[in-house]
Amino acid sequence: MKLSPSKYLPVLLGTLSLTIANPSADCKCFPGDDCWPSAAEWKALNTSVSGNLIKTVPLGAPCHDPMFKGDVCQSLRQQWQNATIHFASSSSVMAPFFANQSCDPFQPRIRPCELGNYVSYAIAAETTSDVQNAIAFARANHIRLVIRNTGHDYLGRSTGAGALGVWTHHLKNIEFVDWDDDTYTGNAVKLGAGVQGFEVLEAARSRGLVVVGGECPTVGIAGGYSQGGGHSALSTSFGLSVDNVLSWEVITAKGELLTVNKDENPDLFWALRGGGGGTFGVVISMTVKAHPGTITSGASLSFSTDTNSEEAFWAGIQVFQDTLEDMVDAGTMVIHIITNTSFLIAPLTAYNKTEAQVKVIMKPFISSLTSKHVDFDVTYKESKTYYDHYNEFLGPLPYGKIRVGFEQYGGRLIPRSVVPNFTETLRQVTNMGVTWVGVATDVGPFGTRATTSVHPAWRSTLVHALLSTPWDFTKPWHDMIKLQDLMTNVIMPKVEAVTPGSGAYVNEADFRQPNYQDVFWGDNYKDLLEVKEKWDPEHFFFVPKGVGSEIWSIAEDGRMCKSAL
C-alpha cells in the first residue's frame, strides 16, 4: 500500500469546478440532473487517481441483453452465493435487498440491466491521495460518497444509487510492529483498509501470532467490521476486534489525513471504536494488538428431530441454555445454529486449551444430554495453531464456506440473565421459520463505555443472536419483503420483549430496525452524535441507520435529500 502525504492534488482542484449546481441544495446531485458531472469532469477525476476510476457495469450484466453471454451467466448463477466474486468487484453487494434485483443473474434475460442501487462510479484507491481526491470531487459536485471494501454488509452501507464509491480493497499493506505505551506493550500489526481476514490469519501465523478477526475469512478487518465492534472466535480470550485497536489512520470530511489514537484526537478514536463504519471518515489503516499463537482446541456437536422426539430435542436445547454460561466462562467461544428441527455447535473454540480440557468443559452439557436421552454426535479436535483450528472448523481457508446473499436478518444481544429462560422464545421464532445463529462469548473484561462506543449491553451479553429468514432469488420480490416484514414487525418484537434494555450488534441486525439509535448504541448515541457534529458538521459521510443519518432520507429511486426534521 502506498501512502502519500496528506494534501489535495493540484490536478484535481485545478480541473474540477467547485460550483455546486443541483436542482435543490437539500438534495445530492443525481444522475440525469443538470449538476451531474460531465464526461470531462469524470475524465479529470480519473487522471487525478492514476486511472483508477471505474464506471460501474453490474456484475450480473452478462445475464441480460444486450450483453448476454450464456456461459458466463450460468457461471454467475452458480457462484452468486460465494463471496469471492463479489469482493473482487468494485460495486457488487452481497445483501440481495440492496442489490434490488436491478441486474442479477436470476432475472429474465430480456429485463434490462440497470444500475439501480449500485454506485455509479468507484475509485480503486491505492494511495491516500486517491481517497482525498474522491472526497474533494464528491464535495465539489455535491454527490454522495460511499466507502466499500468487500461488500459484506447487511444494512446497505457500502452501496448507494448515484454515488461515487471509495473502494479500499487494494490497500493491502500488512506491517508487524512493536508497540509500547501506558496501556499496551507487545506485538501489533498495522493493517491497510483492504486487508481481509484470511490474509491476516496467514500473516500472523507466519510469525507465531494471532489477530482478532471474523468467523468469515473474507470479511475485511479495518472497515465496518472493526468500526462496528467485530466479534471473533477469539473474543472470549481477547475481546471484540475494536477492543484491540491501538490506532487508526483516517481521512476526514475535510480531506485531512489524521493519526487517531488515545492521545491524538481521542474523541474520534472513541467514536471509531464502535460507532459504525462509513460515518466519521475513511479509515486508511488500523493498528491492532497481535497475540501469541498457541494450541487451540475445538468441538462440534449436533442433534436433530431426525433421531429425537420433539420433546427430547427441546430438552436438549434447554440443557444447552442452562450450561452455556459455564462453558463460556471456562474460556470458550461457542457458535451455535438452531432451527426448529436441528441444533449444531459450529464450533466451540478454546484458545490455549487442550482437547482434554475441552472435554472437561463440555462434560456437564454432555452428561445432561445423556440423562435427557438426547441422541447426539460430538467431535473434538486439538490443533497446534489457531490457524489450523480455523481451517478445520471455519475453513477451508483461504475463503471458507459461508454462503452469502441467501438470507435477511434481525439481531439482538441476549444478556446472561436471560439465556436460561429463553428457550420458549427460541421455540416460537424458529417455528416461524427463523434460523438462529448464536455467538456465545464474554467480552465484558476487555472494554468499557469509556474506552469503546459499542452498545454498553455488549459487556453483559452472553449471546449475540443473528436471526435470519431465507431469501430466494427465484421467488417474487414481494414474497421476500413479506419475510422481512415478519422479521421487523413480529419476530424481533418477540425477542426484544424478553430482553428489555438490551440492544443489537450494529453490523448484524435488521436494516429497518426501529429506534436504531438506542438499539445500536444505547446511551452512547448522544456522545457519538456530538463527535459526528464536530468532525463532519455537514454530514458529508452517510450510511443508513448510522450516527447522524436522521438528517438524510433516501427516496425510492435512491435520491438522497435532507430530511424534514
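Note: Cβ is positioned from N, Cα and C throughout, glycine not excepted.
Record features, source Swiss-Prot:
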DOMAIN    115-293  domain 'FAD-binding PCMH-type'
CARBOHYD  Asn46  N-linked glycosylation site
CARBOHYD  Asn82  N-linked glycosylation site
CARBOHYD  Asn100  N-linked glycosylation site
CARBOHYD  Asn340  N-linked glycosylation site
CARBOHYD  Asn352  N-linked glycosylation site
CARBOHYD  Asn421  N-linked glycosylation site
SIGNAL    1-27  signal peptide
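In this model, the domain 'FAD-binding PCMH-type' (115-293) carries an average pLDDT of 98. Around Asn46 (N-linked glycosylation site), a 10 Å sphere centred on its CB holds 17 further CB atoms from the protein chains shown. Closest by Cα distance to Asn352 (N-linked glycosylation site), from the glycosylation sites Asn46, Asn100, Asn340, Asn421, is Asn421. Nearest to Asn46 (N-linked glycosylation site) in space, judged by Cα atoms and limited to the glycosylation sites Asn82, Asn100, Asn340, Asn421, is Asn100. Cβ neighbour count for Asn421 (N-linked glycosylation site) (all protein chains, 10 Å cutoff from its Cβ): 12. Here Asn340 (N-linked glycosylation site) is compared against the glycosylation sites Asn82, Asn100, Asn421, and the shortest C-alpha distance is to Asn421.
The two recorded residues, Asn421 (N-linked glycosylation site) and Asn82 (N-linked glycosylation site), show a Cα separation of 37 Å. All protein chains shown were included, and the count of other CB atoms within 10 Å of the CB of Asn82 (N-linked glycosylation site) stands at 18. Annotation note: Asn46 (N-linked glycosylation site) sits in a helical segment as assigned by DSSP. If you draw a 10 Å sphere around the CB of Asn340 (N-linked glycosylation site), it holds 20 other CB atoms from the protein chains shown.
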